[in-house]
Amino acid sequence: MERLNNMGKNSIKKVTVVGTGVIGNGWISRFLSQGYDVVATDPAKNAEVRMRQSIENAWPALEKQGLAEGASKDRLTFELDLAKAVADADLIQENVPEREALKRRVLAEIDHFSKSEAIIASSTSGLKPSILQEDCQRPERVIVAHPFNPVYLIPLVEVIGGKDTSPETINISEQFYQSIKMKPLVISTEVEGHIADRLMEAIWREALHLINDGVATTEEVDAAIIYGPGLRWALMGPFLTLHLAGGEQGMRYMLEQFGPALKLPWTKLVAPELTNELANRVVEGCEAQTTGYSIKKLEQRRDEFLIELIQLLEKYWPGANLKGKL
């Protein structure tokens, strides 16, 4: 613990990424773009080939956004052996599939093979850190650091400690993620799904009901968000959006006038059964929306849009942060 106490964000020089799927590769791209040495490991067949292709696809967007001094794709090493991959790392970012038993086993192995002062961060989208750290000998250095796709562009990362996580680990992690141009949201209370995913899941469930009940197509649901609340949500969250909707009296008027409507049975909340019929309608709808575009092309268009959107956010909402008032 004493060695961990002496660490800071500047002590993190080498990063290891465990698991090179979409999220893992996103982390690799971000770390490299910020000038870090990165070791990646994944036992899957052809993992290294797919990883390097993913980084190549992301790099033009990162160059447009601006690379840190010393940033290079050449600072990436692939190591098949987990023990060797984590041995010298100052921070290990775990991204294995979202299965509790698997994550606990891998995190315990990382804990065993890594340096005692290294921070171990899980990218889990839903599991509590207290559960993930149960099999670790040094649970005080284990946290959840949940990012959002594409990780190399989206700044939010939810940072959560478990019951045994030390305050030092949280502080160092927060500083580190800030240093790589992210917006760490430190969540003090553990809950499944953290914050952002719980909000997104609520919308996702309602969207599935609208498709299942024949109310709308996937394209119409997406359009309802893109040209409506999505534009406002890019600048303000649900609370500030409704605060403005209340006029001069703000949220107080909003709650007085529309609070009773919360009891109307509009929303379903519980997800519909994902039958083959519903799944097919969703898949076919998405494929129809993207006719003529490859996933790679769509990712490039998304990245270009996000870069400009993030720049606009900083221009019009420069005071927004996670520590104080706007």
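Glycine is treated like the rest: Cβ placed from N, Cα and C.
Taken straight from Swiss-Prot:
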type: BINDING; residues: Gly19, Thr20, Gly21, Val22, Ile23, Gly24; note: NAD(+) binding site
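In this view, the densest Cβ surroundings among the binding-site residues Val22, Ile23 belong to Ile23, judged by other Cβ atoms lying within 10 Å.
Of all Cβ atoms in the protein chains displayed, 24 besides its own lie within 10 Å of the Cβ of Thr20 (NAD(+) binding site). Taking Cβ-Cβ distances under 8 Å and a sequence gap of 6 or more within the same chain, the neighbours of Gly24 (NAD(+) binding site) are Val17, Val18, Ala40, Asp42, Met51, Gln93, Asn95, Ser123. Shown in sequence order, Val17, Asn25, Gly26, Trp27, Asp42, Asn95 are the same-chain residues outside Gly19, Thr20, Gly21, Val22, Ile23, Gly24 whose Cβ sits within 8 Å of the Cβ centre of the NAD(+) site. Taking each Cβ in turn and tallying the other Cβ atoms within 10 Å, the top scorer among the binding-site residues Gly19, Gly21 is Gly19. In the three-state DSSP reading, Gly19 (NAD(+) binding site) counts as coil. A helical conformation is recorded for Gly24 (NAD(+) binding site) in the three-state DSSP classification.
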